[in-house]
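Q: Before I ask anything, here is the structure I am working with.
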């Protein structure tokens, strides 16, 4: 399998192979090879349907029956590869050669790559294309960059301030407390404070402790499993108590959620019923839902346990087995490589559940969670000792 973007006789070309046939898309127009014109290129695939867009002119390849997963376990190369004889002969039209030119702002699956000297895994013969201290995103929020003797300076729009226009003027004198985030409210020319885990109040200066976590819709907890390296990932298990009166919401996501190839186990509410989704490696399994149970959104406490025994999944609701399915009788992938990361209630601020889960779940969780146990551990995990924001004490009524 491969996916390759290249220049061929002045045209941009996308080629990919998911295991059966090589799909080739080529732009209608040539690129300007004058060394001064920047081009915007968008390329990719949804299943086995491809698209290639150069400066707003889009070419698509309709999906046909066949493979729909890109199964590559290699590094991601930009501008060239460590050895040109590694390139599949079908991945490029002519003899492979390295790219000469400038590349900036690479975004893969909604995540931007940092094109610095230190962030990539490796590389060779790459220089600074801009030649100045400015670069293309030094000044945030539409600020303009000016080269100075000491480096650079930013001229900011009137709503923004700071050395790189990174701070709203509404937050420049904020009173938000320990580790809190200041969120500008442009319509009211003010701000609100989003509290870090363990803090509450208008300015996040009241310390709290809780055993029941209350989520209000823009909350999340990110827990790192300290025992991940010792886990038997072919036999995973998670159990917890939850209560909600909402018909949609992500309760827990075991997985890194960094890109589409990350394994995960997810539990949530969809259309008023419990929904469990598991991905062990290749493609997203069919979501497991039990239409008989519409009792999840009644404001009462419910106990859910999900057990993964290789590809066999069992789901218990209030100690009754409601789902039992073998998601892959071929046993191609049998381990839940979730990276030791568990999200509760949602994801980091600015990352919407519907986008991160590609529509598997529609909304962030509103409700309460307690008594979370991973695998066969004898102790419940301490949610207070994780990372998170906007989480309240579920014991209190406020």
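Heads up, the Cβ atoms here are built off N, Cα and C, so glycines get one too.
Copied straight from TrEMBL:
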type: DISULFID; residues: 102-129; note: disulfide bond
type: DISULFID; residues: 156-165; note: disulfide bond
type: DISULFID; residues: 176-193; note: disulfide bond
type: DISULFID; residues: 195-204; note: disulfide bond
type: DOMAIN; residues: 1-129; note: domain 'Laminin G'
type: DOMAIN; residues: 130-166; note: domain 'EGF-like'
type: DOMAIN; residues: 167-205; note: domain 'EGF-like'
type: DOMAIN; residues: 210-398; note: domain 'Laminin G'
Q: Which sequence-distant residues neighbour the domain 'EGF-like' (167-205)? Criterion: at least 6 residues beyond either end, Cβ under 8 Å.
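A: For the domain 'EGF-like' (167-205), the list is 158-161, 218, 221, 349, 383-384, 386-393.
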Q: Below 8 angstroms Cβ to Cβ, which residues of this chain, lying six or more residues outside the domain 'EGF-like' (130-166), approach it?
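A: Here the qualifying positions are 104-105, 172, 186.
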Q: Determine the Cβ neighbour count for residue 195 (disulfide bond): the number of other Cβ atoms within 10 Å of its Cβ.
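A: Around the Cβ of residue 195 (disulfide bond), 26 other Cβ atoms lie within 10 Å.
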Q: Please count the residues of the domain 'Laminin G' (1-129) that DSSP assigns to helix (H, G, I), strand (E, B) and coil.
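A: With helix first, then strand, then coil, the domain 'Laminin G' (1-129) has 3 helix, 44 strand, 82 coil.
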Q: Compile a sequence-ordered list of residues in the same chain as residue 102 (disulfide bond), six or more apart from it, whose Cβ lies below 8 A from its Cβ; state 'none' when nothing qualifies.
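A: Same-chain residues close to residue 102 (disulfide bond) (Cβ under 8 Å, separated by 6 or more) are 38, 129.
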Q: May I ask for the distance between residue 165 (disulfide bond) and residue 193 (disulfide bond), taken between their Cα atoms and rounded to an integer number of Å?
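A: Rounded to the nearest whole number, the Cα-Cα distance is 20 Å.
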Q: From the DSSP assignment alone, can you count helix, strand and coil residues within the domain 'EGF-like' (130-166)?
A: 0 helix, 12 strand, 25 coil
Q: Please work out the mean pLDDT for the residues of the domain 'EGF-like' (130-166).
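A: It averages 87.
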Q: To the nearest whole angstrom, what is the C-alpha distance linking residue 204 (disulfide bond) and residue 193 (disulfide bond)?
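A: Residue 204 (disulfide bond) to residue 193 (disulfide bond), Cα-Cα distance: 7 Å.
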Q: List, in sequence order, the same-chain residues at least six positions removed whose CB sits under 8 Å from that of residue 176 (disulfide bond)?
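A: The answer is 182, 191, 193, 203, 204.
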Q: Just to be sure I understand the packing, how many Cβ atoms besides its own are within 10 Å of the Cβ of residue 129 (disulfide bond)?
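A: Looking across every protein chain shown, the total is 12.
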Q: Tally of helix, strand and coil residues over the domain 'EGF-like' (167-205) according to DSSP?
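A: Secondary-structure composition of the domain 'EGF-like' (167-205): 6 helix, 15 strand, 18 coil.
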